[in-house]
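Taking it in order: structure first as structure tokens, then the write-up.
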């Protein structure tokens, strides 16, 4: 009987954690983010609905390409709750991604969102890797009009396979999905992760780690 109660409690805890593993649902028509509020909540406090204006639900400029003149040859133009206050509590956001010829959106994760990506121009080689222990790569070359899904929290990437610029639109299942670029986090943390730790983790000489860290 005790074992039955234990498993029942474990099941309820797992069910509750799954139910809470996404942005909380809104309890009114909208909850426009009040970025001036001193109240700390999981997200943003709501503006007084009487002060809400149509511009709280608007963002302009996504027709413009981002600056791709960087080492990765890509630019991510995010549109989340930081850009549209009206996204607060709605659990959605999007981004435009521009890729220079042979540019990439390097391996990264979104800790709070799944992603669905649509190619608007060009061709992209995309993929994601499953969790331990399999670490299986699911990858595909996408062309204009193709759509691909990246599950929440998994490492994924996009690479422009062509000699022309490519464009994609990504929709994400959170108003604030977050992004962790793997190389930046591992080799560019402040303060730095010990090169002894990274050398052992990547099974390379410490000089190799020091060289990579210096790039960040």
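A Cβ is built for glycine as well, from the same backbone N, Cα and C atoms used for every other residue.
Residues or ranges marked as signal peptide by TrEMBL: 1-21. Feature annotation from TrEMBL assigns domain 'Cupin type-1' to 63-210. Annotation comment: TrEMBL describes 105, 110, 115 as oxalate binding site. Feature annotation from TrEMBL assigns Mn(2+) binding site to 108, 110, 115, 156.
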Can you list the residues of the same chain, besides 105, 110, 115, whose Cβ falls within 8 Å of the oxalate site's Cβ centroid?
95, 108, 109, 113, 117, 150, 156, 170, 172, 177, 179
Give me the count of other Cβ atoms within 10 A of the Cβ belonging to residue 156 (Mn(2+) binding site).
22
Secondary structure tally of the domain 'Cupin type-1' (63-210) (DSSP, helix then strand then coil):
22 helix, 56 strand, 70 coil
Quick one: Cα separation, residue 115 (oxalate binding site) versus residue 156 (Mn(2+) binding site), in Å?
10
Segment confidence, the domain 'Cupin type-1' (63-210), expressed as mean pLDDT
97
Residue 105 (oxalate binding site): tally of other CB atoms within 10 A of its CB:
26
For the recorded Mn(2+) site formed by 108, 110, 115, 156, which further same-chain residues have Cβ atoms within 8 Å of the site's Cβ center?
109, 113, 128, 150, 154, 155, 177, 179
Got a sec? Which of these binding-site residues, 108, 110, has the most Cβ atoms within 10 Å?
110
Distance from residue 110 (oxalate binding site) back to residue 156 (Mn(2+) binding site), taken between C-alpha atoms, in Å
9
